[in-house]
Amino acid sequence: MGCCRSSIIYDPKKFLSIDQYLKNVYTEDESKHSDKRKRSVKINLRERVNMRQGHLYQFYEIAEVLGEGAFGCVHKGIQITTGFEVAIKSIPKTFAKRTDDTNAIIEVEILRTLDHPNILKIKEVVEDVRNYHIITELCTGGELFSKILSMKNFSESMASGYMLQLLSALSFCHSHHVLHRDIKPENLLLQNESPDSPLKVIDFGVSNLNYDVTLLNVKQFTSIYYRAPEQFSGMCSEKSDIWSCGVILYLMLSGYLPFKGKNEKQMSESIARQELSFEGKEWEYTSEEAKDLIKHMLEKDPELRWSAKEAFKHAWIQNGHSQYLLNRSISESGFKNLSRFRCSIKLKHAALEFIVSHLTHTKELYQLQEAFIAMDYNGDGRLTREELMVACLVMDYSRDEVEGIMSECDANMNGYLDYTEFLTAATNWKKIMSKTKLRGTFEAFDLNRDGFINIAELKEMLSNDHNVDEDVWIEIFNEVDINKDGKIDIEEFEEAVLNKDTFR
């Protein structure tokens with residue numbers, strides 16, 4: 001480890017003293033090893049949901065009623081400390097204590113694992129004596145079908161764009177062993193009021209975290225009009241969600257349901273036995289590609305019915321994806337942010353992820369959200385090296401630069417760029433960072449609300465990896481605990497997060 005092996009060159013312009021220079025030379029290898037160990041800590045903050053206990057009014061102002069969910073009422077809310085607008089779904093504990101299949105609180109467990117641009121994002125849970133209050137992002141665009149009904153001209157390309165997003169969301173769910181089990185128009189919201197607002201799949205209150213195809217009482221979950229044939233026999237799988245998508249697509253393009261009945265018995269018989277028909281003037285100008293996709297989605301045999309991945313690859317969807325790409329590719333400035341992102345302080349990286357996912361309005365991230373959907377060519381809800389490489393070719397970046405992006409931005413080290421990781425790295429932090437967001441993040445990390453972040457809270461918020469050595473956690477903690485008093489105060493936290501390495 002002598003000087004002759006070092007690549008460090010003394011430069012007085014960097015304001016290092018000779019002593020500091022020599023220290024760097026002789027500790028270079030150790031610092032590289034230390035940095036490697038710190039980098040091995042996987043940040044999984046996006047999968048954490050804080051559970052607060054206390055009265056809801058301590059944390060949120062309650063505004064108007066937005067609607068009724070499967071198990072509770074939904075209000076608009078305003079976070080008192082940040083002024084951030086959210087949706088609040090209040091679930092009586094009497095509902096939440098039912099059996100696993102009807103347990104409404106399982107929605108929290110499901111939503112926390114689903115980091116996807118077209119799936120509703122959960123923020124936290126507040127528990128009081130009578131209720132669980134699930135805090136989620138606020139969707140202001142209303143139901144998808146309300147928008148369709150209000151439009152004079154709803155085209156195939158529009159339908160394709162929405163179906164692309166829905167299939168991508170379901171493909172992501174199914175890859176995480178989540179069945180939605182209640183796909184219907186009421187559970188498809190628009191994120192905002194813009195003409196091309198992204199779609200959001202909501203209401204996972206009757207979802208299932210297993211791939212057990214035989215589920216008892218499955219009839220009570222999916223609305224009868226969107227129920228697959230096998231569900232009338234008490235069977236359910238990921239293919240049942242695809243049937244529901246097929247019914248929705250048929251309804252989008254024609255204005256009526258593919259199967260009819262005056263009561264549940266007639267409806268079930270129609271779904272099980274009636275042949276799919278494209279008769280009628282509504283179908284005269286519909287493309288054969290659209291009809292073909294519907295046929296594959298409304299195949300009565302679930303074994304032959306297409307999966308979400310297969311449906312996403314259909315030519316009709318892919319043509320829609322090409323149209324989607326036209327005005328939604330990542331901007332040059334967004335890609336520059338992505339390629340320049342550096343975040344060596346672990347707590348800072350976690351804090352930035354929290355701000356993006358919990359304290360940033362969707363309108364601030366709208367263009368990046370659209371770009372992520374456009375870049376995700378295979379619709380699996382995450383970006384591969386190959387998908388990044390396609391974007392790089394357009395921007396004239398090299399493969400080495402793609403590897404650099406993956407190395408710096410893949411915080412949970414799963415080999416992909418997940419949605420929140422992408423937003424965290426591509427965001428223009430100079431524009432969206434604020435003292436209010438910093439303080440809101442600090443309060444979220446301060447789990448016992450004593451005004452400080454201790455090492456136990458740091459571990460709890462940063463990662464669910466229990467294989468990290470204690471000395472690594474101490475090193476990560478000491479990066480931010482400047483005065484070495486064993487706790488991180490708000491000033492130390494702000495100094496770490498506002499460190500200039502990310503805000504260049």
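Each Cβ is built from the backbone N, Cα and C atoms, and glycine gets one as well.
Just so you know, TrEMBL annotations are computer predictions that nobody has curated.
From a predicted model like this one, the values you see are computed outputs, not experimental measurements.
Under the heading ATP binding site, TrEMBL lists K89. Within 10 Å of the C-beta of K89 (ATP binding site) there are 30 other C-beta atoms, taking all protein chains into account.
As annotated by TrEMBL, domain 'Protein kinase' applies to 60-317.
Annotation source TrEMBL lists domain 'EF-hand' at 367-398 (among others). Same-chain neighbours of the domain 'EF-hand' (367-398): 115-118, 164-165, 167-169, 171-172, 175, 196, 198, 308-309, 312-313, 321, 324-325, 328-332, 334-335, 339, 405-406, 416-419, 422-423, 426-427, counting only residues six or more beyond its ends whose CB sits under 8 Å from a CB of the stretch.
A Cβ distance under 8 Å defines the sequence-distant neighbours of the domain 'EF-hand' (433-467), meaning residues of its chain 6+ beyond its ends; these are 41-45, 47-48, 50, 79, 81-84, 124, 346-347, 350-351, 354-355, 358-360, 473-474, 476-477, 486-490, 493-494, 497-498, 503. The domain 'EF-hand' annotation in TrEMBL covers 433-467 (among others).
Positions annotated as domain 'EF-hand' by TrEMBL: 468-503 (among others). Long-range Cβ contacts of the domain 'EF-hand' (468-503) within its own chain (Cβ-Cβ under 8 Å, at least 6 residues beyond either end) map to 34, 37-38, 40-41, 341-348, 351-352, 429-430, 433, 435, 438-439, 441-442, 445, 451-455, 458-459, 462.
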PLDDT averaged over the residues of the domain 'Protein kinase' (60-317):
88
